[in-house]
Amino acid sequence: MKFDGVNKIENGGGSKNRQEDNKMEKIPENVEIAVLGGVGFNSYQEFESRLVSTPYGEVTVYLTTVRGKKVVVIPRHAGENHIPPHRINYRANIWAVYSIGAKRVISTNSVGSMRGHPVGSFVVLNDFIDFTRNRPSTFYDDKTVHVDVSEPYCPEIRIALRGALEKQGLPYTEGIYACTEGPRFETRAEIRMMNQFADVVGMTGVPEVSLAKELSLCYASLAIITNQACGMTTQKLTADEVTEVVGKAQDAIFEIVSDTIENIPETRNCRCRFAKDGACL
Ligand SMILES: [Zn+2]
């Protein structure tokens, strides 16, 4: 199962030359954890990079070691230009994690608060509501697979995230994530509707979370509050303030994710690995 992507690239004709194949073969076999989003790993471009081919396209991953554990970092918005949330190749990113052999995904997401959380505080996501519209959201287009998402975010990684936040003495809550299609921000009316049943709103967490489930991976998300959602304050929302808050929080996020990586148990005792049991028709 490991290095599935290597076979895929060779069979699928995605590789361009021998050099790229060699680069891919060098991905260490013991990569256990993927960090998706890359916030806090702003120096990732200095890490060793590898090109992973997937049936959905190529993904550049960055290899590093955190607290003695091999980790891949996949920056969601990477590319020559910042890839907007509705154009991110979520399937390729999650397939790359899977094909490398990593079983755990720690995702970082910037979110707007619909509950007045302080800007710069953190939310460990515990459920989600999907308002996306135009994103390929499954690996199973040719057969029927109804994957169970009654516990979408891995309980073991969530415990590790909470432990890391507590160790750092950082304010956090747990909460429900509403994912919108974007790229525009939400309207006041949309926020009034969504804050009836969700705590924070963002554009990048779905379908990543359910795609991870479809491949029986453990996936959890650390959300950082970058702004108050539309209508929660009198101020206009700007993308600049989001970037500014994330920039200031880089060091804190790096420490939280590093502690989380250290705290995750060696073996998986959660039920994530059975996500597909009974799911296939
Ligand atoms: Zn799990």
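Any Cβ shown, glycine's included, is placed from N, Cα and C.
Heads up, TrEMBL stuff is auto-annotated, nobody curated it.
Look at TrEMBL and you will find ARG76, HIS77, THR204 tagged as phosphate binding site. The substrate binding site annotation in TrEMBL covers MET203, ASN227, GLN228, ALA229. As annotated by TrEMBL, domain 'Nucleoside phosphorylase' applies to 32-261. Taken from TrEMBL, the feature region 'Disordered' covers 1-24. Residues or ranges marked as site 'Important for substrate specificity' in TrEMBL: GLU186, ALA239.
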Taking the Cβ of each of the binding-site residues and counting other Cβ atoms inside 10 Å, which one has the highest number: MET203, ALA229?
ALA229
Among all protein chains shown, how many Cβ atoms are found within 10 Å of the Cβ of HIS77 (phosphate binding site), not counting that one?
15
What is the one among the binding-site residues THR204, ASN227, GLN228 whose Cβ has the most other Cβ atoms less than or equal to 10 Å away?
THR204
So for ARG76 (phosphate binding site), how many other CB atoms are inside 10 Å of its CB?
21
Out of ARG76, GLU186, THR204, which of these recorded positions is nearest ALA229 (substrate binding site) by C-alpha distance?
GLU186
List the same-chain residues at least 6 positions away in sequence whose Cβ sits under 8 Å from the Cβ of GLU186 (site 'Important for substrate specificity'), in sequence order, or say none.
GLY112, THR180, MET194, VAL201, ALA229, CYS230
Residues near the phosphate site, ARG76, HIS77, THR204 excluded, by Cβ within 8 Å of the Cβ center?
GLY37, PRO75, ILE83, PRO85, ILE88
